[in-house]
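Annotated in Swiss-Prot:
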- G170, D171, R172, Q173, T174, G175, K176, T177: ATP binding site (BINDING)
- S363: site 'Required for activity' (SITE)
Amino acid sequence: MVTVRADEIRKIIRERIEQYNREVNTLNTGTVLQVGDGIARINGLDEVMAGELVEFEEGTIGIALNLESKNVGVVLMGDGLMIKEGSSVKATGRIAQIPVGEAYLGRVINAQANPIDGRGKISSSAFRLIESSAPGIISRRSIYEPLQTGLIAIDSMIPIGRGQRELIIGDRQTGKTAVATDTIINQQGQNVICVYVAIGQKASSVAQVVTTLQERGAMEYTIVVAETADSPATLQYLAPYTGAALAEYFMYSERHTLIIYDDLSKQAQAYRQISLLLRRPPGREAYPGDVFYLHSRLLERAAKLSSKLGEGSMTALPIVETQSGDVSAYIPTNVISITDGQIFLSADLFNAGIRPAINVGISVSRVGSAAQIKAMKKVAGKLKLELAQFAELEAFAQFASDLDKTSQNQLARGQRLRELLKQSQSAPLTVAEQIMTIYTGINGYLDSLQLRQVRKFLLELCTYLKTNKPRFQEIISSTKTFTEEAEDLLKEAIRDQTDRFLVKEQA
């Protein structure tokens, strides 16, 4: 007969009691009332938060945007083709966040930070919220460091500083993306991390930008966030915030970043589509009432941080497309009022062969000379005024039959100054090269040359200066000032090269 040992039974029961873990899982769930056009109406989800992520039965993720009395309006981060009416939805208790880190450099990702370049997964342990609040007043400091674009017209007359928001605005096919990509290429060796956000672009256009950056070795320090024209409107709306979160990670790590949004017109259109489908009341041009807030909360995240926070910076170059040069439309006026200046690209200048087609007269940088080195400030001070006077005189000369000698000379000088502002795409110039070019034009050294010879002469002068007067580049790079020694070296080089050039041209 088996003896029952009470102490053993007691021990087993005690162990079982200790192992028992009473867990109560509460889920905030709802059911799908209707789905279509990237929008789902959900019944239930009583405790869902605005902007909270929700998960559908078949795995699609959505964002709760409209919290109404009878149902919740959710925008889908996918096509949602497998979602059925009556299927269950659960709230996740999280808001949208993405992994961030150094591993993203050189990669092409989508708005959910998933790689789309076919080069495998990206491992990262750090996370940032897609939407986070902008730095406050105390967290910032005034902008004082230049961000060189490599384009003479911008660096000399519309200077951009690290931490600035400078709008690039113009009609389609006027070279807006080219200005942005040239700026990225020019950051090589400057210790600046670049983020290029493509919103609603053709996939072929994005591929072309990536190829250009790879060929020039710029992808090493660049992240491309792409949501093409066939992406859901929700992801096109989120892409700029994903880019901003990645740039913020580096900014708060005491690094300098440059972010380009190409372009915010398409983001606004995607947001308008979402809002109209959610039956939000339309306003001007059918955009919802909070479309200004859509862009202001994004662009305010660009900043120059205080010394206490490490002096990191995030410079934003948003791009906005205009229709027939109309800058008084809703989105252009909104973004102009948010940013610290705008670079206006003109279709007329572009078609006249002046590229980059920057209309210097109406372009402005509200940071101004604070974002220029002393050498550039000294040399380029008169350039904008001279070009403005030239434009005025050129308009007058169309109606005048004969001009006096002074006016003719001023016209000739202006034409040469306009010629020296022309640059080939993907050929940014160093600061020393820009100073050399502007100094040569502004002081009349190009007046003796024919207009067609100007670019060839400047190219040869640049090569001659690098080879025979390397001290000039050293002075500009090390002191950031245009010293008497530098000026003497440059004058000497111009004289030598002018003699050689004219002899060669006459031969």
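Including glycine, each Cβ sits where the backbone N, Cα and C put it.
Keep in mind that what you see is a predicted model, and the values were worked out from it rather than measured.
DSSP classifies K176 (ATP binding site) as helix under the three-state reduction. Sparsest Cβ environment among the recorded positions Q173, T174, T177, S363 (other Cβ atoms counted within 10 Å): Q173. Between the C-alpha atoms of K176 (ATP binding site) and S363 (site 'Required for activity'), the distance comes to 14 Å. Sitting within 8 Å of the Cβ centre of G170, D171, R172, Q173, T174, G175, K176, T177, and not among those site residues for ATP, are the Cβ atoms of E321, L345, A347, F350, A357. Put plainly, the binding-site residues R172, K176 were compared by Cβ crowding within 10 Å, and the winner is K176.
Here S363 (site 'Required for activity') is positioned 15 angstrom away from G175 (ATP binding site), judged by their C-alpha atoms.
DSSP assigns S363 (site 'Required for activity') to coil in the three-state reduction, outside any helix or strand. Neighbour density for G175 (ATP binding site): within 10 A of its CB lie 19 other CB atoms from the protein chains shown. Comparing the binding-site residues G170, D171 by how many other C-beta atoms lie within 10 angstroms of each C-beta, the top residue is G170. The two recorded residues D171 (ATP binding site) and S363 (site 'Required for activity') have their Cα atoms spaced 15 Å from each other.
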